[in-house]
Amino acid sequence: MPEPGPRMNGFSLGELCWLFCCPPCPSRIAAKLAFLPPEPTYTVLAPEQRAPAPAATPAPAPAAQPAPAEEGAGPGACSLHLSERADWQYSQRELDAVEVFFSRTARDNRLGCMFVRCAPSSRYTLLFSHGNAVDLGQMCSFYIGLGSRINCNIFSYDYSGYGVSSGKPSEKNLYADIDAAWQALRTRYGVSPENIILYGQSIGTVPTVDLASRYECAAVILHSPLMSGLRVAFPDTRKTYCFDAFPSIDKISKVTSPVLVIHGTEDEVIDFSHGLAMYERCPRAVEPLWVEGAGHNDIELYAQYLERLKQFISHELPNS
């Protein structure tokens, strides 16, 4: 970032030049603000590429790029291979409950998808949009632990340019990615909208709010949401400019499903004020969870996180 200079509408001239002139298009602005894809921590192999993995430990990721599996193949047709950086914490039995496959987005990107069957008898499935610096390999253990504790299956996907998904991260791709994930969950697994809970974390709240503003579902969970990209980078921003990225604050009023907002009061990345503002704009907001003292990446470590999720899903949503 440039050194601060004279300010115009809350921005220094140096900040404006760096953000909007190099080059001046919303997709590049969004990329500067949001996307930090890690080196992939997993591969997805088609049946003919599989190699036997040791029981109870993930297989190392092959160096060669895997060929894409057929998108129409049935569940279990592909296999997940995790690298050491994936931090796998479970046995081979749990790994066998994870199904991986590819879908295709409207922008013609190959989308890596994951279905974690944590609670086969559960009514609800979370469509989980993860944060900006992880991929499915790193999130896999968390999904198993979370789903088993809140009694939900979990469907997730990697954004374009993350993990095994093709393309590059962009705002337009975010929206196309979650659309493809939504359709895959509905058609491949037969999950109806009234049984889908949209869960977005950090940058994942952006596609979550966009989808929820267009489709009704069982519920929406916004974990450390942001109002818009500029409001994160420049907290003095009071309105949405035409060049702003991720304008969730302008979409949240169109969400007709129940919305649970979760935010840490000491969030050092997306200020707590973002969660408050999103909560206040929700037409059907339920009691929020403000985690006292929590930052951006540690809310899950607080006991009230799981307690509030269980209360919301098991007692505040229909379960018959």
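Backbone N, Cα and C atoms are what each Cβ position is placed from, and that goes for glycine too.
Marked as active site, charge relay system by Swiss-Prot: SER202 (among others). According to its DSSP assignment, SER202 (active site, charge relay system) is helical.
Per Swiss-Prot, active site, charge relay system is recorded for ASP267 (among others). In three-state terms derived from DSSP, ASP267 (active site, charge relay system) belongs to neither a helical nor a strand segment and is classed as coil. For ASP267 (active site, charge relay system), the same-chain residues lying six or more positions away in sequence with a CB closer than 8 A to its CB are SER224, HIS274, GLY275, ALA294, GLY295, HIS296.
Of all Cβ atoms in the shown protein chains, 18 besides its own fall within 10 Å of the Cβ of HIS296 (active site, charge relay system). Under the heading active site, charge relay system, Swiss-Prot lists HIS296 (among others), citing similarity to another entry as support.
Under the heading compositional bias 'Pro residues', Swiss-Prot lists 55-65.
Residues or ranges marked as region 'Disordered' by Swiss-Prot: 50-75.
The Cβ of SER202 (active site, charge relay system) lies under 8 Å from the Cβ of GLY131, ASN132, HIS223, SER224, PRO225, LEU226, VAL269, ILE270, HIS296, each on the same chain and at least six residues away in sequence.
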